[in-house]
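Taken from Swiss-Prot as is:
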BINDING   His120, Tyr124  heme binding site
TOPO_DOM  1-7  topological domain 'Cytoplasmic'
TOPO_DOM  29-130  topological domain 'Extracellular'
TRANSMEM  8-28  transmembrane segment
Amino acid sequence: MKKKHKRLLITSGIFCFLSCAVFFILTTLKENISFFYTVSEAIVLPNGQKLIRVGGMVVENSVIRNESEVIFQMTDFNKSVMVKYQGILPPMFSEKSGVVVQGKMFDNSTFLADTVFAKHDENYMPKVLK
């Protein structure tokens, strides 16, 4: 086999291997990626299709806590959605602050959250370190 053909064969083999590796990585990531939508974008998505993340602000005086769940309104200052969450809220969760919720849309006005993330700015310092 000539040197030129051998080099072409090795290059083709490396290209095929890298193509397969990229394909498998992207396929795996597709199943695990959870996109970040605004409230307005999330409302128009098909209900309950997949796990999504929605970001916005907690509406003032909208937080209702009872024994089994927390209910609050979240807005992007364009539209709002009611969020239902069962679990412990993060310590930085408060009204009029940023929040990202992960879960599924139940209907166009209710979001069932599995996880709640409180957003903060780059100057955040935990109380322990202050």
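Including glycine, each Cβ sits where the backbone N, Cα and C put it.
Assigned with DSSP, the residues of the topological domain 'Extracellular' (29-130) fall into helix, strand and coil as follows: 12 helix, 43 strand, 47 coil. The Cβ of His120 (heme binding site) lies under 8 Å from the Cβ of Met92, Gly98, each of which sits 6+ residues away along the same chain.
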